[in-house]
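Structure, as structure tokens:
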Amino acid sequence: MVADGNKADHGYDYDLVVIGGGSGGMAAAKEAALLGAKVALCDFVKPSPEGTTWGLGGTCVNVGCIPKKLFHIGATLRESIQADANFFGISSVGVKPDEMGQPPTLKTDQNWMAVKDNIQNYIRSLNFKYRVGLREKSVQYLNKLASFKDNHTVELVDKKGQTSEITASRFLVATGGRPTPLDCEGGDLAISSDDVFFLDKDPGKTLCVGASYISLECAGFLAGMSKDVTVAVRSILLRGFDRECSERIGDYMKEHGVKFKTKVTPSKLERVENDRIKVTFSDGTDDVYDTVLGAVGRTADTIKLRLESVNVDTNPKNRKIKTINEQSSCPNIYAIGDVMDGCPELTPVAIQAGKALARRLYGGSKEPMDYINICTTVFTPIEYACIGLSEEDAIAKHGKDGIEVYHREFLPLEWSLSRHDSNAFAKILVDAKSSDEQVVGIHYVGPNAGEIMQGYGVSMKNGLTYRQLTDTVGIHPTSSEELVTLSITKSSGDDAAAGGC
Ligand code: FAD
Ligand code: NDP
């Protein structure tokens, strides 16, 4: 049953046209169609400056979460074979223990082209599945670039440059973002995350510019695949995240071969012999790399939408669409996902917001999207997952005396035979003045961080307290049980590394 205002007698071609077939747009289109709306979805990928292009599904599937996580899995698998396998009795046939009786490190080689091709083949199968999924839900898929003509009409341009128009009662803009180019002399010699997963040759010695999610994750998997990697950090690692956890990530990456150049930006890139790139940094130093990866943030993909022609307000600082409950300043135009001002740039957020909006527009729901307490994971070589406030933000909000920190550093069992130089870390922040100590932040740095944090996310949504955590019986032996057994407080001054099973 289609809710009021969406009747087929409105005279337009569609009830809803979704612009952008990424995580959010696809979820909203399918949900709206399921609820009886007549829906079209336009998705068109503008090639990167390197000419890279891809299929249906948006950033996450093609140039984001999926290839990134698969490269990360590949790199950690190699690291595990290299570092741990011998300790579990796995060896190459014929390799003998060395003179000290220690099993030799297994020598591994990781073929860039093989990993890249296998991942790309998998992604192509997903692109196909998404097309089928839209067809099954009766969503009309248009592989065309859309821009507004008026608030009920979009102009479409296909690959061959042919134009057409469609009309709709409502529009949903879910066009995401694209990498911000490096703004320095020769910056166009750098590739971005839109290209790195498609490279047709081994990236070799690589400079990653930027120090947040994308730069550190790419630096991590490249180093894990035994590349010579340097990260150029303008200020701090992972701005906005808990400082103590961010520093632990930096330390781990350094110990595992990633080099960091701090307080620098590239000021000039120039092509030198053998197709390599010489980078001169703001501190006057220089070095030569095979690949320079710019990961200095993303810019909302709104420039060609002609939003000004339909009076959709954008934030002049980031070009993102301003909304109230995902509704823009033009009442029949909505926005979700990375293109929406104030929205965390994460796939599940775009999906959830898209579904919630479709249910409100076509299913009679009144439920707004809840953007509070969203878990996230940084897939660096040592993973980091968190939910809620960082320690710095918790202190800013509750005052130093209003917060208690329960923390512990520990050696995960999976590392206990082979790796004694790295520890995992768990930290819970509580509102010390609330009854039963309300949890305001959970942080975990260690293996399987994303898998561990998801469940705690459910509890946080339901008002988790420290008392409830410690009343919960753990699963032994896991890293996750550390979070329900934390007892060392920071205020006690006791060492977070004390204790253990
Ligand atoms: P997108 O997925 O970006 O989709 C927008 C679509 O609209 C694109 O297909 C685009 O081509 C199309 N489009 C643009 N303009 C037009 C137009 N005018 N007409 C027609 N089509 C148009 N998030 C996580 O949660 N976990 C992760 O591990 C993670 N890893 C990431 C790693 C990388 C390297 C990157 C870059 C991002 C990562 N993200 C991750 C973020 C996540 O990918 C995004 O938050 C998510 O894809 C946003 O979805 P969206 O629907 O808003 O937009
Ligand atoms: P961010 O905007 O998060 O970070 C940009 C980084 O680049 C910062 O370290 C910033 O430094 C630095 N920077 C900005 N401008 C310059 C410059 N001119 N020169 C040198 N350094 C510069 O961008 P990302 O591209 O890393 O990620 C975008 C979003 O994608 C993330 O916010 C996240 O939501 C999403 N994402 C999620 C992932 C996940 O869930 N695992 C993985 C990857 C992306 P400074 O701190 O000094 O400003």
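Even glycines carry a Cβ here, placed using N, Cα and C.
Remember, TrEMBL labels are computer predictions, not curated facts.
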Candidates Cys42, Cys60 - disulfide partner of Cys65 as recorded in TrEMBL: Cys60
TrEMBL annotation, NAD(+) site containing Gly210, Ala211, Ser212, Tyr213, Ile214, Ser215, Leu216, Glu217 - matching residue among Gly89, Gly297, Gly337: Gly297
Packing count at His476 (active site, proton acceptor) (other Cβ atoms within 10 Å of its Cβ): 10
Distance-selected recorded positions near ligand 1 (C-beta under 6 Å), from Cys60, Cys65, Asp338, His476: Cys60, Cys65, Asp338
Spatially closest candidate among Cys60, Cys65, Lys69, Asp338, the listed recorded positions, to His476 (active site, proton acceptor) (Cα to Cα): Lys69
Euclidean distance between Cα atoms of Cys60 (disulfide bond) and Lys69 (FAD binding site), Å: 10
Number of helical, extended and coil residues in the domain 'Pyridine nucleotide-disulphide oxidoreductase dimerisation' (375-485), per DSSP: 38 helix, 33 strand, 40 coil
Cβ contacts of Cys65 (disulfide bond) (under 8 Å, same chain, 6 or more positions away): Thr347
